[in-house]
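**Q** Handing you this structure, nothing more for now.
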Amino acid sequence: MDPQGGHYLNRAAVLSGVGAARMCQLLLGCTTMALVAHSAGFSATYGTYCMFVWCFCFAVTLVVFTLDVTRLHGCMPISWDNFTVAFSMLATLMYVTASIVYPVYFLRSECPSEGCEVRNYRIAVTVCSSVCCFAYGAEVFITRAKPGHVVGYMATVSGLLKVVQAFIACIIFGALANDSEYNRHIPTQYCVVVYSLCFAVTVVVVALTVSGRTSSLRFPFDRFVVIYTFLAMLLYLSAAVVWPVFSFDKKYGTPGRPKDCLRGKCPWDSKLVIAVFTCANLVLYFTDLVYSQRIRFVSHSAA
């Protein structure tokens, strides 16, 4: 027993909705890795990415669950609530991509050369990974900001959107690295600068929030975030116009997909992925800005 008469172990970390979600995450994550290691298998860059997602999320979830049960998270120099909700949002996104990528590259209707048993294992991997998406999503839903409750910034819509924005930027970087031919034109190089700058600042915002250092800054952090979000929206708006023009206009690029493009190694495909996710991030930054302004207006009125 501690001096306040409480328990050393945090029973709420197991008996609460968040605890149940984390136990499901651990169970499904462990099952997924076991199935892949036993017979489903993986290969190439895409398979390695999926295996990394499952191992990384399982390891961090195990650490989070252990620290929460033992109450040792109080010894860590971070904002625990901000960290856990940010990680659960990130894990949800990572699991969604892995649950899409794995069946696309490893699952076929016909039996592979290794036999039908391997196909069945891969189906089981896909199912477990997909269900685990909902387990992480459930934790985000439970811990999100609710009216009348004081929560950390990362639990708000704006904070969660910051994680999504950074994740989508990572997808854009992956497409850029996959022979996107962005070096051919200066305007497309400008787009790369936009993606890199916005990603870096977003990561810094998340890192400062998770570390709990925002109150020690010499400027109003909330105002900085709103101004940055507005500038990022303008930068992404310019990239959403420039990138498609210099990638798909017949004067600078190729309007249609070339017939000789190989699947997974086609510059046109990479350019399309970048264009789509650039527009997606533009929408997210705009939504983030609108929500941030709404929160500021409510706070100002209450004052």
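One-based numbering along the chain as shown.
Just so it is clear, glycine is given a Cβ too, placed from its N, Cα and C backbone atoms.
As annotated by TrEMBL, domain 'MARVEL' applies to 13-148, 153-297. Residues annotated as transmembrane segment in TrEMBL: 12-40, 46-67, 79-101, 121-138, 150-177, 192-212, 224-246, 272-291.
I would like each feature placed in context: is it buried or exposed, what are its neighbours, and how far apart are things?
**A** Mean pLDDT of the predicted structure over the domain 'MARVEL' (153-297): 87.
Long-range contacts of the transmembrane segment (79-101) within its own chain (CB-CB distance under 8 A, at least 6 residues past either end) are made by residues 25, 46, 49-50, 53-54, 56-57, 60-61, 64, 68, 73, 126, 129-130, 132-133, 136-137, 139-140, 143-144, 151-155, 159-160, 163-164, 167, 171, 206, 209-212.
Same-chain residues lying 6 or more positions outside the transmembrane segment (121-138) and placing a CB less than 8 Å from one of its CB atoms are 17, 21, 24-25, 28-29, 31-32, 35-36, 38-41, 50, 54, 57, 88, 91-92, 95-96, 98-99, 102-103, 106-107.
Sequence-distant neighbours of the transmembrane segment (192-212) (same chain, 6+ residues past either end, Cβ-Cβ under 8 Å): 77-79, 82-83, 86, 152-154, 159, 162-163, 165-166, 169-170, 172-173, 176, 182, 221, 225, 228, 232, 235-236, 238-239, 278, 281, 285.
Counting same-chain residues at least six beyond the ends of the transmembrane segment (224-246), those with a Cβ under 8 angstroms from any Cβ of the stretch are 158, 165, 185, 187-188, 190-191, 194-195, 197-198, 201-202, 205, 252-253, 271, 274-275, 278-279, 281-282, 285-286, 288-289, 292-293, 296.
Same-chain neighbours of the transmembrane segment (272-291): 156-158, 161-162, 164-165, 168-169, 171-172, 175-176, 180, 191, 195, 198, 226, 229-230, 232-233, 236-237, 239-240, 243-244, 247-248, 257, counting only residues six or more beyond its ends whose CB sits under 8 Å from a CB of the stretch.
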